[in-house]
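Chemist: Per TrEMBL, the feature compositional bias 'Basic and acidic residues' maps to 87-120. Sequence annotations record features per position, and here TrEMBL assigns compositional bias 'Acidic residues' to 121-143. Per TrEMBL, the feature domain 'Transcription factor CBF/NF-Y/archaeal histone' maps to 9-73. As annotated by TrEMBL, region 'Disordered' applies to 83-143.
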Amino acid sequence: MAERPEDLNLPNAVITRIIKEALPDGVNISKEARSAISRAASVFVLYATSCANNFAMKGKRKTLNAGDVLSAMEEMEFQRFVAPLKESLEGNRREQKGKKEARKDKDKKADSEEQDKSREEENDDDDERMEEEEQNEEEEVDN
């Protein structure tokens with residue numbers, strides 16, 4: 001756990017980026033307001049994590065999962081965020097699955113290319129051996 005309360009705050013750069021994306025162009029925010037939003041966001045994350053942890057403990061698990069977080073959101077009376085969170089989660093899962101499949105395809109292709117290269121090297125070795133044998137036979141015939 002964190003030793004100081006400020007260790008639990010989210011990084012200012014992240015908070016600033018989120019605020020800028022949420023506000024219309026040309027709207028500024030004071031340093032004090034940014035700090036207040038940062039603290040509020042940190043408190044929200046801690047509370048949501050604590051609620052989600054309670055659901056994991058009820059399930060006799062030590063690992064929080066997405067279902068725990070969704071249940072926590074409902075318990076915290078943030079039902080209107082559950083549907084967008086589910087959509088985002090599904091999108092993230094599809095993206096991860098796509099990346100995993102792309103990685104598998106890439107690995108298969110690399111293995112296939114490696115096998116092809118190995119076969120070519122074997123064929124080259126065989127060709128060299130055959131040429132040597134032919135030369136040896138020619139030398140024997142000449143002798």
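Here the Cβ of each residue, glycine as well, is placed from N, Cα and C on the backbone.
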Chemist: In the domain 'Transcription factor CBF/NF-Y/archaeal histone' (9-73), how many residues does DSSP assign to helix, to strand and to coil?
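Modeler: Across the domain 'Transcription factor CBF/NF-Y/archaeal histone' (9-73), the residues distribute as 47 helix, 0 strand, 18 coil.
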Chemist: For a three-state summary based on DSSP, what are the helix, strand and coil counts in the region 'Disordered' (83-143)?
Modeler: 60 helix, 0 strand, 1 coil
